[in-house]
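Student: Dropping a structure here in structure tokens format, bear with me for questions.
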């Protein structure tokens with residue numbers, strides 16, 4: 001009997017394990033899924049979690065390659081009667097996670113992050129897959145092979161005129177907040193694609209009768225043929241003059257002609273074929289190979305050298321050796337974007353990896369105090385506003401609102417003026433750089449017209465003007481960067497004084513970024529603790545906030561260190577006002593210094609935002625005065641009648657006095 005009982009228990013356990021195994025094979029697909037080289041998506045993102053919630057080899061499933069639908073079993077909440085629910089979708093069907101997980105599964109359908117993810121059935125080569133959007137594009141979470149191999153079709157590039165860095169350029173930056181470097185790289189690749197390499201757009205849409213115009217690169221090719229023909233004629237005329245006039249047959253003139261002619265041909269229409277690309281002969285153009293990279297690279301190099309020499313010790317100073325080849329110019333723009341984030345209290349830039357989820361950081365920087373200051377996750381600070389703990393929040397404005405709620409309007413106004421002027425000047429620098437870069441690309445595009453003009457005495461002035469514009473546009477950003485570097489130095493000195501910053505370098509796959517933490521210096525630490533930036537970081541951490549009732553509603557405000565904060569902020573404001581007025585003439589100064597065109601007419605004015613704020617304030621003031629005048633008139637409805645009566649009485653008095661004067665005149669006349 002005992003043997004039979006043991007045998008029954010063994011059979012029951014075996015059957016249960018087999019059934020559980022048949023239903024619990026989550027993460028299994030009919031065909032193999034593509035795996036990323038670094039395994040990042042499968043391990044650290046929602047993509048891998050969704051894969052481990054789907055089973056395609058369930059006994060109720062269907063991996064038949066002849067069917068045009070996909071069947072999968074989606075995981076249910078733990079403890080349900082069935083481990084998963086079967087779904088069958090056709091190609092092109094879409095479902096949200098919340099539609100597939102209808103049992104309020106807190107890990108799937110009821111999860112605020114996952115419930116809105118849309119899964120789509122689409123083809124990936126010879127596989128029919130259930131795909132979801134990821135940071136690396138749509139990726140399949142479950143697939144099955146099809147019996148018929150689809151015909152290979154060339155993928156259509158929907159954004160054929162836009163550079164790829166417009167979507168992937170952020171991966172080359174080391175700053176968590178990056179937009180200016182992305183804008184520069186995006187514009188550079190787009191201009192290069194439009195002007196020189198040509199777009200991948202088809203000449204004619206299949207669904208329309210509209211034929212696109214020839215690209216800029218095609219037009220320049222025709223232009224180079226015309227210039228080449230003109231240069232041939234120039235050579236023929238020089239040969240005729242040399243044959244007819246012995247003065248042209250000297251060795252000096254012939255040598256000078258050959259050297260000048262070769263340089264003109266090489267930099268205008270190119271010499272070739274000197275290179276082979278993909279087995280095809282390609283002309284080598286000196287302007288595209290040397291001129292354009294030199295002009296576009298000189299601006300960020302000069303500006304970066306000046307800009308990196310400024311600022312607080314360690315703040316926003318990235319490791320240039322970690323930038324990929326061809327993307328080292330990101331260092332300049334990362335420094336700008338990083339400072340915008342730190343000045344405005346962006347939460348992502350400080351103490352981001354306190355839980356160690358991003359990997360092991362590499363510390364670089366000062367050798368001062370090794371303790372993070374201040375502590376950004378303190379216990380017992382219940383009075384801090386909820387907005388301070390939101391990821392990506394600009395906590396500077398939250399703190400300014402805290403001062404406003406405590407009645408310190410002057411601090412709020414000073415803080416707003418500082419932020420507006422600071423952002424306006426940096427926006428001016430970015431737009432000035434972009435305009436200069438566009439000008440360089442345009443000058444390079446029309447270079448086949450102007451470079452041959454150096455051969456003729458009458459047209460050499462046009463070449464000199466063209467060359468002057470190119471050199472000026474390469475140097476003007478460096479001049480403006482010197483002004484910005486001075487501004488950054490003054491701001492860092494006024495805001496952080498002698499504080500030091502420790503850099504943390506993080507690396508996950510191809511993505512690299514750095515954060516900076518404030519450290520007290522080994523000497524004069526009290527000076528750093530009294531700085532405006534240090535106290536603002538304490539407010540960001542939740543220190544110094546108090547909660548009190550305003551009428552019936554609880555509000556949170558700041559009442560500590562108000563006098564010192566006001567004094568420090570007014571010092572920053574003084575520098576802001578000085579640079580505000582100086583920024584009005586920086587564009588003209590850069591143009592005069594480089595003997596080039598003034599770009600202020602086509603750039604964002606450094607005072608534009610402040611001027612708009614002034615106009616808005618004046619408009620509100622005029623509207624208030626006008627409304628007040630209307631209310632005053634409404635209180636005195638008989639003013640108009642009284643004015644009319646008074647005017648009538650005045651006219652009668654004038655007429656009466658006029659009559660008396662006339663009578664006196666006639667009387668005096670009669671006396672005579």
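Residue numbers in this text run from 1 along the chain shown.
Yeah, the Cβs are placed from backbone N, Cα and C, and that goes for glycine too.
Pasting the relevant annotations from Swiss-Prot:
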COMPBIAS  363-372  compositional bias 'Polar residues'
COMPBIAS  628-646  compositional bias 'Basic and acidic residues'
REGION    363-384  region 'Disordered'
REGION    628-672  region 'Disordered'
SIGNAL    1-24  signal peptide
TRANSMEM  226-246  transmembrane segment
TRANSMEM  254-274  transmembrane segment
TRANSMEM  410-430  transmembrane segment
TRANSMEM  436-456  transmembrane segment
TRANSMEM  469-489  transmembrane segment
TRANSMEM  562-582  transmembrane segment
Student: Please check if the transmembrane segment (226-246) comes into contact with the transmembrane segment (436-456), where contact means 3 or more CB pairs closer than 8 Å and the residues in each pair are separated by 6 or more positions.
Tutor: yes
Student: Considering only Cβ pairs within less than 8 angstroms, which of the stretches 410-430, 436-456, 562-582 has the most against the transmembrane segment (469-489)?
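Tutor: The stretch I would name here is 436-456.
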Student: Test the contact criterion for the transmembrane segment (562-582) and the transmembrane segment (254-274): 3 or more CB pairs under 8 Å, pairs 6 or more apart in sequence, then answer yes or no.
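Tutor: Between the transmembrane segment (562-582) and the transmembrane segment (254-274), contact is absent.
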Student: Using Cβ atoms and a strict cutoff of less than 8 Å, what residues sit near the transmembrane segment (410-430) while being 6 or more residues removed from its termini?
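Tutor: Here the qualifying positions are 180, 183, 336, 340, 343-344, 396-397, 400-401, 403-404, 477, 480-481, 484, 487, 491, 562, 565-566, 569-570, 572-573, 576-577, 579-580, 583, 587, 603-610, 613.
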Student: Can you work out which residues elsewhere in the same chain, 6+ from the ends of the transmembrane segment (254-274), have a Cβ less than 8 Å from its Cβ atoms?
Tutor: 224, 227-228, 231, 234-235, 238, 242, 248, 281-288, 291, 447-448, 451-452, 454-455
